[in-house]
Amino acid sequence: MPLFDLKSPYPPAGDQPQAIEALTKSLKNNNHYQTLVGVTGSGKTYTMANIIAQTNKPALIMSHNKTLCAQLYSEFKAFFPHNRVEYFISHFDYYQPESYIPRRDLFIEKDSSINDDLERLRLSATTSLLGYDDVIVIASVSANYGLGNPEEYLKVMEKIKVGEKRAYKSFLLKLVEMGYSRNEVVFDRGSFRATGECVDIFPAYNDAEFIRIEFFGDEIERIAVFDALERNEIKRLDSVMLYAASQFAVGSERLNLAVKSIEDELALRLKFFKEQDKMLEYNRLKQRTEYDLEMISATGVCKGIENYARHFTGKAPNETPFCLFDYLGIFEREFLVIVDESHVSLPQFGGMYAGDMSRKSVLVEYGFRLPSALDNRPLKFDEFIHKNCQFLFVSATPNKLELELSQKNVAEQIIRPTGLLDPKFEVRDSDKQVQDLFDEIKSVVARGERVLITTLTKKMAEELCKYYAEWGLKVRYMHSEIDAIERNHIIRSLRLKEFDVLIGINLLREGLDLPEVSLVAIMDADKEGFLRSETSLIQTMGRAARNANGKVLLYAKKTTQSMQKAFEITSYRRAKQEEFNKIHNITPKTVTRALEEELKLRDDEIKIAKALKKDKMPKSEREKIIKELDKKMRERAKNLDFEEAMRLRDEIAQLRTL
């Protein structure tokens, strides 16, 4: 029986049918690696969706940055509206890992800010993987980082049935063991409240509904689901499966074993420091670890508990840590891993382990952490690439590694379903690039189309943005410090024509699906380096390939070897596409793609939550936030997004009571 229900108004076209057939056949023949070489705009995402539907396996789709993850999530939600499409990226808005600089005797404490909505989506992904097979997870490099043992997670989850006998007090203790906190005042995700014989539980993986369990003595009398906003009953259930509030939740037995294991390791390490006559490190480690042990014994958690992950998961020293792959492969289930934009993603995955290990080794050496902290790490590249699953690498410009691993299992996708050609390109003198580009932008904007500009430095991007804004252009600048939510919003705003020109550095290359963009400008194209390599140039030029008027301007004083190779590949592909169009009498037409609903990662709520935590908020600041939210609330209501409008209304009311 098919797991996935793929919805699309169009059948595969162009090179898609042969690519889908070839790669599906390769996967069904149990080949470990395969590669899709697909030009920009050829519908690689749709090909991926068809392959998932035909291979009938849960899938993990990995990308190297959060912007692409958000875009893929949106597209796959549209392709598979009746299946479980999940989102798994880092849950930190801000993260400063703990570190020690010996030469300055400076210890830097871990400092982080967790995004509540991203945490909810991560929990939703792991719970879906443990409960269902029709799951597609869109993930960043976070998929390679350590998680709790999925089998322990299964032990902690609880099935609750109407009519079953349960001691009321032991049920509350079970909720605490599962990571839920009792809170009678602020009832939100990951908490529960108990009034009389009624227990309300707000699952950590769902922000829309909470569960009410009603007892009669020591018997469960009723289970109901309530709307979290309106507080009205939605439905009654005969039973419900309740998952833990944390991916690191463990049972009391495992917790006790972990405490004993940490104590044993501490004793060995203290003995080592004593023998080496390193009393400073001895006392430092003893004090820090014993405090952590007290906290774990009393509450089940401590600050930096991830550093003791090996003790909680039961892994041996240096053994591969549990991660998202283990949730996909639970019950020896077969699954598919698709690495999107593999030419960038794979090198990024390969560099994760070394940096993490370098920092933690210093912490261990100087007594800030036990050696087991080294096992709280991302996967090594060899561990990742040899996972017991099948891989599909997807890129317009795959590296040698992907092609060597895939051998003959490589499919090309050069012909676009729309008949669109690779863009025309032109090299212009960089001496007058700013003024020349300004004139080009005016003609593009007059046609109602958009422009992407890529620069080499942040300073140039800022100055260019300022210059063009002063000259009357609607322009925005996207830089690396902008978070995932805001990046997604900026791209959406560009498509909605809230502005016409987007300037960036290395943010405009892979995977940005912007059919409204007809002009891509590459400043200082002849400056050899990573940002102007053959691969980077081809990827950047491809941003103009979704529009029938697509054009690329490269500003340079000379034609470099990288530029020449990029021109040759682009010209080869364009010639092949033109020939196909001529044979089949196809006229290129710009892609028309509806604006899917963006990720509802409520940045407004996060901002207000932080503001509400402050003891004193100036009246002027409060009024400013209220005004901002009122505007957004009206916009949401106008767009018929009444649920979000009501959320904003409630936040405004809360602010006005301060």
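Along the chain as shown, residues are numbered 1 onward.
The backbone N, Cα and C atoms fix where each Cβ goes, glycine too.
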Swiss-Prot annotation (motif 'Beta-hairpin') - matching range among 19-42, 91-114, 595-618:
91-114
Can you give me the average pLDDT across the domain 'Helicase C-terminal' (433-607), rounded to a whole number?
85
Among the binding-site residues listed here, Val39, Gly43, whose Cβ has the fewest other Cβ atoms inside 10 Å?
Gly43
List nothing but the one residue from Thr40, Ser42, Thr45 whose Cβ has the fewest other Cβ atoms within 10 Å; the candidates are the binding-site residues.
Thr45
Are there any residues at least 6 positions away along the chain from Gly38 (ATP binding site) with a Cβ closer than 8 Å to its Cβ? List them or say none.
Asp15, Ala19, Lys44, Thr47, Val394, Ser395, Ala396, Glu412, Gln413, Ile414
Cβ within 8 Å of the ATP site's Cβ centroid: which residues qualify beyond Gly38, Val39, Thr40, Gly41, Ser42, Gly43, Lys44, Thr45?
Thr47, Ala396, Gln413, Arg416
